[in-house]
Amino acid sequence: MGLFDKLAGWLGLKKEVNVLCLGLDNSGKTTIINKLKPSNAQTQDIVPTIGFSIEKFKTSSLSFTVFDMSGQGRYRNLWEHYYKEGQAIIFVIDSADKLRMVVAKEELDTLLNHPDIKHRRVPILFFANKMDVRDALSSVKVSQLLCLENIKDKPWHICATDALKGEGLQEGVDWLQDQIKTMRT
Amino acid sequence: MSVGEASTDGGKWLDAHYDPVAGLHTFSSCVALADLSGDGDSRLVLGDLGSAGSGMKLKVYRGTVLTNESSLLDLPAGLVSFFMDLHEPRIPAVAVASGPCIYVYKNLRPYFKFTLPGLEINTLEQDVWRQVREGQIDPSTLKEMLESLRTSDVPLSARSLHLLSLDVEQAEQFVHLHKQQPIRRQTVITCMGTLKKSTADEDGVSCLVIGTESSHVFILDPEAFIILTKMELPAPPTRMDVTGQFDVEFRITVACRNGNIYILRRESDRPKYCIELSSHAVGLVRVGKNVVVGCTDESLQGFTQKGKKLWRTVLPAPITTMAAMDLPTRGFQGVLVGVASCEVLLFRHKNLLSSVRMPDAVSSICFGRYGREDGTLIMTTKGGGLMVKILKRTAAFEDRDGAPGPPQAQSIRLNVPKKTKLYVDQTLRERESAPAMHRAFMMDLSRLRLAAAKAMVKVLECSLTPVSSGVGQPLKINAVVQGLGPAFKLTLNVQNTAACRPVMDLAISFQYDQSLYRVRTPFLRIPLLVPGIIYPLETFVDCTSDKGVSDIIKVFVLHGGRSAPLLTAHINMPVSEGLTLN
């Protein structure tokens, strides 16, 4: 990290990072983003996102701009138009929806094979969400079902989370922050 | 188009779940998808027929797990989910038809039981049972009398029919057990459907439509469960499809056991249209305004809602089940057909779009919203397996043999020159004086015919033909010219075509241009002609000219004592290609 960056850090000017938040509908993308925002900016009721929404939150050293994409089938073709801008990807999975794990895998494979993503070292953070649901799959099982071990050319990390309580989110964001910092230097 | 051409594509479907030992034995009519909890998460509701007449269950799946199970009293004949009231939250009820009853479940708890009204009982049948009750006749006499009733085509009650199937000792016991109860004749439900009451909304209140073994169709009010409409068919219905709204206009398409399809409409209690199929229907699916019928002769046929046949396509194997595939978000409508060769075929109109290979023959198909996924295909197999496939978001179906309509080449513009003034004048003239032109043409045609007839008569009179059909000597002649020239061999084949009379005293002579040809024997005597045998007569012709010209040689068949020839043949001589000898 250069001297200027340190200086900027001291002055409270933080680096801007664009992050894409993807995942199937009802997986908890908006809830996760909502939890990451400062508590006074959080909303109480989460409704299905239409199209996408832009949210901002800050960590110790970075300022995140999150494109919270809608996961509904008819809006999923919007995702690829934002791949270019994304410097990192958050992929949220509903661990309790075993039936649609194949759909999540299909969307992930489409994402990874997209020309805007394929040849870039974009860090991907997976949130195996809804761990509070009784028969939810473990994060290991989710990574197995999504064949995450096949992702060789990008840094990735999977966290078991419960977005309603906010458990596991911080761990994931810390990892993402470290990755972005190492990318810069 | 054969199935072999269509790629068996796993490319369009994602394998979401497969449980080969789910133990589900059901048919498409007993499978439904419904949002039973009102949370946008659709469940799969199945009426399981169990095995060997036991273990009938109503099963509910959520995602990959069985969440609810309750026993059914009888084999389910149909299962539908429908909205029966306007209460919030909008939770549909499930209706299961079995035997003469409909069991309605709300929130997966039994809510209401509707029983069809009993049928009229024959007075004679009633009378004999009364007599046996009063001890006037014994069970064997009862049985005899019932037998005679049955042979005179009287519909008997289930109890009488059961009695007739028993042997003497059992019959006695049976009669003693049952004679005190009054007899009832019940019909059973064969198929069930739903019909929106007054709005076409997705969550509008629906009436139940049921078809019975007594060849009736009933429409039930969803709240009071009273019969709103009763319609009669010529045969018991087996499959049904309902569209429209009860208060506005509706159509009930019913496939019946006599191999016909009847279309019922709102205003009449009798079928409005009838489609006579060449074989029995095994599946009936509505696609838009058309009806697609699968038949036992391994064919799929499309009809309009007025019963006009649109198309027919042949399948590779017998049909096991059929279901509609309706995907309004993508504007796609098709028909899924399960065939005995362990495949599920997808048709749009008559075109095969894709086929899905299955590990086992499919016994039921259901397509719709399951869980949160709109395009989900749920199938159960003969062996009791459950398979769930999800249509890929990117999957696109294209007709491989062109959509109905003109071929591509037809739309290419040809460089046709402009209409000339002459052409326009001519068409105008044709339009104005068409009758005169027609008359002139007909006159000329008559003249032509007359001229042809005259020429024919002349030919026959002068015997200018190579065939004589006269009563005297029916003869036939044909000539063959062999050789390159200048010497030709001329073979005349003469045949007597009479049935049995020989011909005598005939001769042949030639007429030719003597400056060109020389015939070595210009006069030939013909021997006696036995009927039927071909006599070849040979002579040689020398061409005396070296100018390379040819001419006709006329052959006359003459009869002694007559000046006119019997036959005339014209031989077109070939050009002499060799050197002249002289």
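Keep in mind that glycine also has a Cβ here, set from the backbone N, Cα and C atoms.
TrEMBL annotations: computationally assigned, not manually curated.
Residues A:Gly23, A:Leu24, A:Asp25, A:Asn26, A:Ser27, A:Gly28, A:Lys29, A:Thr30, A:Asn129, A:Lys130, A:Met131, A:Asp132 are recorded by TrEMBL as GTP binders, and the candidate that the same record lists for that site, out of A:Gly71, A:Gly73, A:Gly172, is A:Gly71.
Overall, the recorded GTP-binding residues A:Gly23, A:Leu24, A:Asp25, A:Asn26, A:Ser27, A:Gly28, A:Lys29, A:Thr30, A:Gly71, A:Asn129, A:Lys130, A:Met131, A:Asp132 cover a maximum inter-Cα distance of 21 Å. In sequence order, the binding-site residues near chain B (CB to CB under 8 A) are A:Asp25, out of A:Gly23, A:Asp25, A:Lys29, A:Thr30, A:Gly71. In this structure, of the binding-site residues A:Thr30, A:Thr49, the smallest number of CB atoms within 10 A of the CB marks A:Thr49. Using A:Thr49 (Mg(2+) binding site) as the reference Cα, a 10 A cut-off selects none from the binding-site residues A:Gly23, A:Ser27, A:Lys130, A:Asp132. If you measure from the Cα atom of A:Lys130 (GTP binding site) to that of A:Thr30 (Mg(2+) binding site), you get 13 Å. According to DSSP, A:Lys29 (GTP binding site) sits within a helical segment.
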